[in-house]
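Trainee: There's a structure below that I have some questions on.
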Amino acid sequence: MQNGAETYRRIATISAHLNPSPSSHQMEGGVGLSRANCRAKGGSPGFKVAILGAAGGIGQPLAMLMKMNPLVSVLHLYDVANTPGVTADISHMDTGAVVRGFLGPQQLEDALTGMDLVIIPAGVPRKPGMTRDDLFNINAGIVRTLCEGIAKCCPKAIINIISNPVNSTVPIAAEVFKRAGSFDPRRLLGVTMLDIVRANTFVAEVLGLDPREVDVPVVGGHAGVTILPLLSQVKPSCSFTTEETEYLTSRIQNGGTEVVEAKAGTGSATLSMAYAAVKFADACLHGLRGDAGIVECAFVSSQVTELPFFASKVRLGRNGVEEIYPLGPLNEYERTGLEKAKKELATSIQKGVAFVKK
Ligand SMILES: NC(=O)C1=CN([C@@H]2O[C@H](COP(=O)(O)OP(=O)(O)OC[C@H]3O[C@@H](n4cnc5c(N)ncnc54)[C@H](O)[C@@H]3O)[C@@H](O)[C@H]2O)C=CC1
Ligand SMILES: O=C([O-])CC(=O)C(=O)O
């Protein structure tokens, strides 16, 4: 019988022999056979997905949930810190997707090449007292750099932008892609799904329903008054008192702040966001696969209002956004909310565009 240390030494020797200069981007040079020398090559049919910011508070549970998604065959985890550990950990899950880790800007291009879907939760989160716009100075540059990489390495990929302020980071991404000559408005989507997830939950609480039965459209953008729940269009059809409408609108608009304050300086929503991001990414993958009737809200290049970007219901398909639905009939309360939302959105969009143009 060999003891553990001997076994480890033998495996390490075999590994060094089979894989003398391990490919660092696969982060598998530690123990065992290199992937190139394994009989199983991995990679069931499916889509190739990259997560940029994969070692963060959102990135880690998002990576775990995407590893569980049967539509994913290859999962690339990119970050500027800590991807070796996260990759090693997640790669042990016995689900179909092959996981590879990428660390730092030198490995960004390898992380992106060949991807069908790129999800971006990279960047700093809020602390109590901050607005999402206070993150602009740091996150704008991060999103610009990552999108430059996407334009170069996977210009046809569908992009899901989570990094805040979404109302500005999506216009930043669009400007980067325009400059690179690769802008396809159908493929760029700002993730507002957490607003819908929250709205479904809070409305279900008020109505005494199961949240899975509730569908609340949330339009506009992803910050404060730009988050506009259309409570008059809730399914199943229902009505709310003025007090309920005001309570629900305020709670949905301030859901992010509720979590930031509860986390007391340690970050913002990560677990519910990872859940929402996976729900949204899964819808994008079903669309890519050609499934019919995939409709979700997202912040996209739009002509639904006079603004160049707006969140509303979109139908997802093989090219990303195949159709953008109009807002439908609004009541007086929602019409007033829409005007407030548009005013703030116009400023945030312009700020993003100006950042790239300057
Ligand atoms: N769209 C939405 O509904 C939501 C958006 N967010 C936003 O998501 C972002 C991330 O939040 P958390 O994961 O909580 O933050 P976090 O700080 O826990 O994680 C961010 C990760 O990004 C990485 N990172 C930083 N610069 C990078 C770069 N240049 N390239 C690649 N990775 C880089 C960091 O190393 C870190 O691992 C924040 O901007 C936050 O405001 C958060 C919740 C909801
Ligand atoms: O509030 C934040 O800063 C994070 C976020 O976007 C959300 O939770 O909706």
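Note that Cβ sites are derived from N, Cα and C of the backbone, with glycine treated the same way.
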Trainee: From the candidates Met193, Met273, give the one listed by TrEMBL for the same NAD(+) site as Gly53, Ala54, Ala55, Gly56, Gly57, Ile58, Gly59, Asp79, Asn139, Ile162, Ser163, Asn164.
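Mentor: My reading of TrEMBL gives Met273 as the candidate in that site.
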Trainee: May I ask which of the binding-site residues Gly53, Arg126, Arg132 have a CB within less than 6 Å of any atom of ligand 2, listed in sequence order?
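Mentor: Among the binding-site residues listed, those whose Cβ sits under 6 Å from ligand 2 are Arg126, Arg132.
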Trainee: Under DSSP, is Arg132 (substrate binding site) part of a helix or a strand, or is it coil?
Mentor: helix
Trainee: For a three-state summary based on DSSP, what are the helix, strand and coil counts in the domain 'Lactate/malate dehydrogenase N-terminal' (48-190)?
Mentor: 66 helix, 30 strand, 47 coil
Trainee: If I take the alpha carbons of Arg126 (substrate binding site) and Asn139 (NAD(+) binding site), what is the distance between them in whole Å?
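Mentor: That comes out at 11 Å between the alpha carbons.
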